[in-house]
Amino acid sequence: MPASIALKQNDSQQDLIIDPGSGLALQGRIRIPGDKSISHRALMLGAIAQGETTIEGLLLGEDPRSTAACFRAMGAEISELNAESVTVRGIGLGELREPIDVLNAGNSGTTLRLMIGLLASHPGRFFSVTGDNSLRSRPMSRVVKPLQQMGAQIWGRNNNTLAPLAIQGQQLKGIHYHSPIASAQVKSCILLAGLCAEGETTVTEPALSRDHSERMLEAFGAKLTRDPATHSVTITGNATTLTGQKVVVPGDISSAAFWLVAAAIVPGSELVIENVGVNPTRTGILEALDLMGADITLENERTVTGEPVADLRVRHSSLKGCTIAGDIIPRLIDEIPILAVAAAFAKGNTTIQDAAELRVKESDRLAVTATQLNRMGAKIAERPDGLEITGETPLRGAELDSHEDHRITMSLAIAALNAQGKTTIHGAEAAAISYPKFVDTLIQVT
Ligand code: S3P
């Protein structure tokens with residue numbers, strides 16, 4: 001029987017129905033959407049720079065749309081979003097206008113957390129920010145606390161830890177912040193606040209998180225120094241103006257990860273994923289899959305507007321379990337649900353540790369990954385900071401719930417490709433947060 005893949009509207013939600021039939025293999029050359037992290041930063045830095053920024057390859061997902069809407073509401077002129085070329089006419093550092101309504105970051109933690117750093121450093125201006133159900137339950141104290149140390153005035157629910165938040169902009173002072181977590185959102189928030197703060201602002205993190213902000217801030221002309229030995233970065237406040245740039249956004253390795261795992265686990269598969277960002281602060285997934293015995297090669301390696309890029313060729317191979325823990329975790333933080341899928345099909349057991357951060361993502365990804373894959377027959381035990389996955393448990397089709405989490409939806413869809421029988425994923429529209437054409441590509445490669 002051939003594979004069948006269909007989307008069905010179910011009230012306001014979509015069901016993704018996958019039946020792999022028999023003898024399914026993934027073949028072809030595919031392009032993935034633009035990197036979400038880089039897309040947010042290009043829109044934000046473009047908005048606060050002087051002159052024009054052009055963005056090629058912007059992710060057209062819901063999250064960057066939230067960023068664009070927020071910065072338009074504060075005076076930046078951002079052309080209609082498309083993947084070819086978006087133009088941002090910036091309004092200059094410290095010049096964001098007071099919006100006449102609440103800024104809504106939707107589902108996007110990156111939008112909310114990075115933006116707060118900029119807003120807090122606009123003296124005399126008032127801002128209120130919120131998000132959807134998921135974002136309003138995610139911890140904001142991790143950015144509110146360091147910003148308060150810089151002199152920010154921020155109020156919010158639950159003792160200033162949850163959105164909606166109200167921000168009365170202030171002249172901030174630079175600090176040296178030792179972050180207890182390796183989080184690019186925290187680091188970037190503080191660096192953006194530091195742009196207009198007095199003196200120097202330094203962030204030291206326990207392990208290196210993605211460095212797209214550092215790369216792009218430097219390209220736009222910010223005065224920034226890095227100390228790789230201590231995972232520290234320092235920005236000098238009021239040092240220069242930022243100047244609009246041309247940004248070419250590479251494909252998102254976090255989106256490529258679904259196809260890497262799909263081709264690795266489905267017998268007979270071979271895919272080439274073109275134009276993938278391979279910034280070393282993001283390639284933990286390649287290292288983890290390599291440890292598991294996956295057959296992935298990098299081709300056509302190049303650098304595009306300051307970010308390393310390559311085409312990835314992946315062929316099916318038999319995988320083995322491994323342990324994933326420590327400093328690699330921030331470099332594959334968004335790929336853990338799909339790694340759990342790979343581990344369920346691997347020989348031997350896989351242990352994922354030091355990943356408690358997953359509990360405060362768009363959903364509690366440790367709990368949701370375990371419960372949903374276990375419904376398919378996987379054997380995954382949840383630990384406070386990770387997962388224990390028993391390998392080689394044959395999966396069967398099941399009725400599943402995305403928990404409105406884009407990465408969970410897509411991970412479950414890949415698991416369904418290698419399961420026996422029909423899987424239905426409720427709430428599959430969540431994929432549009434980071435990958436609006438996911439199902440089209442799924443149909444293309446099967
Ligand atoms: C992001 C950082 C990560 C990641 C998120 C995007 C960013 O979050 O999970 O999807 O663009 O800075 P944390 O910084 O909270 O780990």
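The backbone N, Cα and C atoms fix where each Cβ goes, glycine too.
If you look up TrEMBL, you'll see Asp334 marked as active site, proton acceptor. Around the Cβ of Asp334 (active site, proton acceptor), a 10 Å sphere holds 24 further Cβ atoms from the protein chains shown.
Over all protein chains present, the Cβ of Arg365 (phosphoenolpyruvate binding site) has 25 other Cβ atoms lying within 10 Å. Marked as phosphoenolpyruvate binding site by TrEMBL: Lys36, Gly109, Arg138, Gln185, Arg365, Arg407.
Residues annotated as 3-phosphoshikimate binding site in TrEMBL: Lys36, Ser37, Arg41, Ser183, Gln185, Asp334, Lys361. Around Lys36 (phosphoenolpyruvate binding site), taking its Cβ as the centre, 25 other Cβ atoms fall within 10 Å, counting all chains.
Per TrEMBL, domain 'Enolpyruvate transferase' is recorded for 25-442.
For Arg138 (phosphoenolpyruvate binding site), the number of other Cβ atoms no farther than 10 Å from its own Cβ, over all displayed protein chains, is 18. Across the residues annotated as binding phosphoenolpyruvate (Lys36, Gly109, Arg138, Gln185, Arg365, Arg407), the two Cα atoms farthest apart lie 19 Å from each other. Using a 10 Å Cα-Cα cut-off from Arg407 (phosphoenolpyruvate binding site), the recorded positions that qualify among Ser37, Arg41, Ser183, Asp334 are Asp334.
Within 10 Å (C-alpha to C-alpha) of Asp334 (active site, proton acceptor) lie the following binding-site residues from Ser37, Arg41, Gly109, Lys361: Lys361. Only Ser37, Ser183, of the binding-site residues Ser37, Ser183, Arg407, place a Cβ under 6 Å from an atom of ligand 1. In this structure, Lys361 is the one among the binding-site residues Arg41, Lys361, Arg407 with the smallest number of other Cβ atoms inside 10 Å of its Cβ.
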